[in-house]
Structures are given as C-alpha cells and as structure tokens.
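Per TrEMBL, these features apply:
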BINDING   G10, P11, S12, G13, A14, G15, K16, D17  ATP binding site
DOMAIN    2-182  domain 'Guanylate kinase/L-type calcium channel beta subunit'
Amino acid sequence: MTGIFVAVVGPSGAGKDTIIDYARTRLPQDGSYHFVRRVVTRDAHGNTEDHDTLSETAFLEAVERSEFCMHWQAHGLYYGLPASVEQVIENGGVVIANLSRRVLPQLAARFPRVVIAHITATPEVLAQRLASRGRETPESIALRLQRQEPVEAGDVPVWVIDNSGDVASAGEAFTSQLNTCRS
C-alpha cells in the first residue's frame with residue numbers, strides 16, 4: 001500500500017511548525033506517522049523552528065549526491081527533504097512536512113497520494129507573530145504580508161486550518177485530519 005504525503009503550507013507566522021508539533025505529541029508513536037525534519041541553509045531559531053542546518057556548499061553537494069527527495073530555494077535559502085521520505089511512503093506511512101507552496105506541483109508529480117494542510121491566520125496575527133521573532137523589519141513584514149500566495153492545488157485535497165486563535169483548536173483540527181490518513 002502506498003502511503004500519503006501531507007504537505008503543510010501557509011504564510012510565515014501562521015504557526016505551521018507549532019501545529020505540526022502539537023499533532024506529533026498526540027498521534028500514536030507506532031511508526032505510521034513520519035514527521036520530516038527539513039534541511040535548511042540557515043541556523044534554527046530557538047523554539048520557532050525545527051530543522052537540520054547545512055552550509056550552502058554542503059547543501060549543494062548533498063543535492064549532487066541525491067540525498068534529498070525534494071529540494072527548493074525560497075527567500076534566499078535552500079530547503080530539502082531527506083531521500084528517506086520515499087521509503088516511508090513506499091511502506092504505507094503518513095509523511096508530514098512543512099513545505100513551500102511553490103513546490104506543490106513538484107510534490108504532486110512525485111508522490112501518488114498527496115494532501116495539503118493549509119495553515120492560515122489573520123493578517124493581524126501574522127504581523128504580530130513575525131514581529132515577535134525579531135528577524136525582519138516592519139517594512140519587510142508588510143511586504144511579506146502583501147505577497148500572500150494562493151495555494152494552487154489542482155486535484156489535490158486541501159485542508160484549511162485557521163490558527164488565528166488558540167493552538168489547541170487548530171492543533172486538534174489538524175490531528176483529526178491526520179487520523180483520517182491511516183484508513
């Protein structure tokens with residue numbers, strides 16, 4: 001049986017990693033759910049990010065060695081998903097990963113079963129969360145909020161989860177949807 005890839009997307013500040021972490025702590029730890037640790041060419045920032053870090057040179061060398069099943073560039077950084085994801089899918093697992101909306105067509109072409117979890121929040125909440133990170137100027141935050149991209153899904157199912165309020169509500173909605181993937 002082929003597994004399913006759950007692509008978690010949404011604007012910066014929507015709380016994608018927070019919602020993913022919420023689900024991770026509530027789903028069975030029986031190996032059927034695989035939470036992918038991305039590789040990024042930027043150091044992780046405290047509790048707001050969970051990824052492995054490579055220099056740009058090391059990342060590009062890893063691409064040459066086919067160590068990623070998918071990789072992309074966004075906001076001046078490189079992102080990759082380990083090639084081991086393919087084996088999890090082949091074994092019938094549920095793969096959950098935080099991705100860029102721009103790679104959704106590539107993802108849908110690569111894996112036979114894909115669903116998109118679009119985590120959203122109001123512009124006011126996004127602006128507040130981005131400002132609290134301290135990584136961007138108010139001007140760059142305003143520009144980021146203006147360039148919100150729609151989710152182009154084609155025939156791929158999309159779960160829209162609003163994370164403007166408390167984490168538990170959005171987290172439970174996401175966890176409930178993930179539970180439907182095992183059947």
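The backbone N, Cα and C atoms fix where each Cβ goes, glycine too.
Counting other Cβ atoms within 10 Å of each Cβ, the lowest count among the binding-site residues A14, D17 belongs to D17. The Cβ of G10 (ATP binding site) lies under 8 Å from the Cβ of K16, H118, I119, T120, A121, each on the same chain and at least six residues away in sequence. Neighbours of the ATP site: apart from G10, P11, S12, G13, A14, G15, K16, D17, residues of the same chain with C-beta atoms within 8 angstroms of the site's C-beta centroid are I119, A121, L126, R129, N163. Secondary structure from DSSP puts G13 (ATP binding site) in coil. Under a cutoff of 8 A between CB atoms, and with a sequence separation of 6+ in the same chain, the neighbours of S12 (ATP binding site) are L126, L130, R144. Averaged across the domain 'Guanylate kinase/L-type calcium channel beta subunit' (2-182), pLDDT in this predicted model comes to 88.
All protein chains considered, the CB of G13 (ATP binding site) has 24 other CB atoms within 10 Å.
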